[in-house]
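What follows is a set of notes on a single structure, which appears directly below.
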Ligand SMILES: NC(=O)c1ccc[n+]([C@@H]2O[C@H](COP(=O)([O-])OP(=O)(O)OC[C@H]3O[C@@H](n4cnc5c(N)ncnc54)[C@H](O)[C@@H]3O)[C@@H](O)[C@H]2O)c1
């Protein structure tokens, strides 16, 4: 068993996601503490805030992190840069043995959606946290798959353009590919498709997600609603602002009105439509950016579970709450 100290963690990428995650670790984690904040832009808000909180910082990227005197103590590195930067970072990190949680859609390791498959990934060295859209929608597809086979799952994820930094914009293609794969691998759909919208509307819109799932045959609507409702409650345990925007909708396609699917012909069965909204905790950006919370809360939940699994006990956070002015 480990000693009972909190696990020091490092975050690479001092942008929207990295800064939100740092604040969450400092305000809310009972098993983790900030060991380092790593960027490449010395003037970034994230590095400035980290320094003001007394967190060790470097603006020399991964090389700077590896040179920090306390790197040997770091137990988990969160990568919140971009898919291409993560590939480079991983090449250096994998030699060190430190465990890495990838918040970019580089998809080097297996995909993790904590409420669905966290317990299968307690020993990974590189775990892929998919995307914000994936964290919001794959649980719903998994909940539907528990009741009936999902032939096709399509998700549309809309986030405020203001909440998507250059790192997000650099890997939009990877977003769609990685999310589509997770709908299949973790959600259990036979086929998956993801669409992302960076909506520039002002005032900024809350994160919205729509899940369309085609399930074979006549289905028990009550059982589907119950399974989806249970899953929403599980996600709310770490993202309280995650909610159904309206009741689950069902559409039936029978012999007289089949749905034509390009590439695979006629579909007869039920289309399940789930509309979700995610209000953020406003730890960094305002509450419209639920897309930050759904990713950073999921990643933090995994790191905390890893720490717990290694014997780190839960510590109350009153001191750090005061330190960060919460
Ligand atoms: N914004 C979102 O809603 C969201 C949600 C989930 C996942 N993501 C993913 O998180 C990542 C970051 O997104 P963001 O919106 O925070 O972008 P961002 O541009 O605000 O932040 C990225 C940060 O990484 C830094 N960086 C870039 N290359 C680096 C390197 N080699 N070493 C160290 N730092 C480096 C940049 O200077 C910047 O501060 C992206 O991969 C994105 O797909 C974003």
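Each Cβ is built from the backbone N, Cα and C atoms, and glycine gets one as well.
Where the annotation comes from TrEMBL, it is an automatic prediction and has not been curated.
Per DSSP, the secondary structure of the domain 'Semialdehyde dehydrogenase NAD-binding' (8-124) breaks down as 50 helix, 23 strand, 44 coil. Under the heading domain 'Semialdehyde dehydrogenase NAD-binding', TrEMBL lists 8-124.
Sequence-distant neighbours of residue 16 (NAD(+) binding site) (same chain, six or more apart, CB under 8 Å from its CB) are 163, 164, 165, 167, 168, 284, 285, 289, 292, listed in sequence order. Annotation comment: TrEMBL describes 14, 15, 16, 17, 163, 164, 165, 166, 167, 168, 169, 170, 171, 291 as NAD(+) binding site.
Under the heading active site, acyl-thioester intermediate, TrEMBL lists 132. For residue 132 (active site, acyl-thioester intermediate), other Cβ atoms within 10 Å of its Cβ number 31.
Looking at residue 171 (NAD(+) binding site) and residue 132 (active site, acyl-thioester intermediate), their Cα atoms lie 13 Å from each other. Residues 14, 165, 171, taken from the binding-site residues 14, 165, 169, 171, are distinguished by a CB atom under 6 angstroms from ligand 1.
Around the Cβ of residue 14 (NAD(+) binding site), the same chain contributes 37, 38, 39, 41, 44, 45, 46, 47, 50, each under 8 angstroms and 6 or more positions distant in sequence.
Between the CA atoms of residue 132 (active site, acyl-thioester intermediate) and residue 169 (NAD(+) binding site) there is a gap of 13 Å.
The Cβ of residue 165 (NAD(+) binding site) has 17 other Cβ atoms within 10 Å, all protein chains considered.
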